[in-house]
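Here the structure is laid out as structure tokens; the discussion comes afterwards.
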Amino acid sequence: MYDPAFETSRLLSANIEKVLLGKPDVVQMLVLSLIAGEHVLLEDVPGVGKTLAAKALAQSIEGSFARLQFTPDLLPADITGSMIYRTDRHEFEFSPGPVFANVVLADEINRAPPRTQSALLEAMSDARVSVDGKSHPLPSPFIVIATQNPFEFEGTYALPESQLDRFLLRTSVGYPGREMERQVMSTHRTGEPVDQLQPVVNVESVRHAQMAVREVKFDDSLVEYLLDIVEATRQHDAFQVGVSTRGALSFYRGCQARAITESRDYVTPDDIKQLAVAALSHRVLPEGIFQGADRHYVEQQVADLVQQVPVPV
């Protein structure tokens with residue numbers, strides 16, 4: 001069961017790294033989110049490779065890709081689809097929206113109003129959408145990769161806690177090093193490298209890997225360790241709200257998926273520690289005077305908290 005999943009993870013990572021140069025940690029986050037059946041929030045400035053990463057993931061699994069550019073005038077039906085009248089048959093028929101894709105890039109998600117943002121909520125949580133009282137399943141696998149610029153506030157709408165909680169991870173791509181940036185310029189001389197990227201697995205392989213993730217061994221002592229960290233977020237002086245039970249379960253699944261990306265069929269304390277900041281920092285709400293704190297402050301608080309929780313021996 002595990003060997004094909006290990007191979008799927010390895011092939012995906014190696015292929016995406018051909019175009020997303022010098023970012024192995026970001027690639028691992030994308031791959032583990034995909035095989036965990038979860039979603040990712042990429043929070044970064046424009047032009048560092050967020051769209052490129054999403055396209056590369058879709059092409060690597062030979063899956064369908066859709067880009068949703070979130071704007072103030074975007075409507076929920078522009079995401080989910082709507083009923084259209086077919087004059088030849090004299091009846092209404094459902095026309096699927098762009099959310100019906102394996103990889104959906106929700107670009108600048110915080111530029112659309114809450115009502116439109118919430119149209120993604122059901123899709124992200126249940127892998128289905130409801131239109132006119134009828135439920136429509138989404139393709140499998142299904143992953144939303146949302147982006148937002150943390151330095152722009154005018155004309156934006158902060159994501160509500162309920163939607164942030166649907167993302168397994170919040171991470172950033174960051175600027176490349178000097179040498180990697182030189183390589184990027186070199187590879188773009190003859191066109192977009194992502195357009196020449198070939199699939200290395202198929203959607204069936206991804207579904208198999210997702211099933212394997214759920215079978216990854218998670219020792220009872222490590223479950224307690226994970227729950228100790230979650231509980232610590234609820235007791236922390238800097239946090240008004242800690243990680244929810246749904247967040248804890250998502251963290252649990254993410255650790256299993258990380259084990260697969262490391263070619264293991266069991267979770268280690270390192271999986272929990274390495275994933276904690278990306279999996280938990282967007283799920284806590286700073287307390288009182290800390291509410292205006294930026295993301296980096298919150299991430300540092302979570303990192304310090306993890307260091308204080310005893311690791312099982």
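Using the three backbone atoms N, Cα and C, a Cβ is placed for every residue, glycine included.
Along the domain 'ATPase AAA-3' (39-169), the predicted structure has mean pLDDT 91. If you look up TrEMBL, you'll see 39-169 marked as domain 'ATPase AAA-3'.
Mapped onto DSSP classes, the domain 'ChlI/MoxR AAA lid' (232-291) shows 39 helix, 6 strand, 15 coil. Among the features that TrEMBL reports, domain 'ChlI/MoxR AAA lid' is placed at 232-291.
The domain 'ATPase AAA-3' (39-169): residue composition by secondary structure is 35 helix, 44 strand, 52 coil, according to DSSP.
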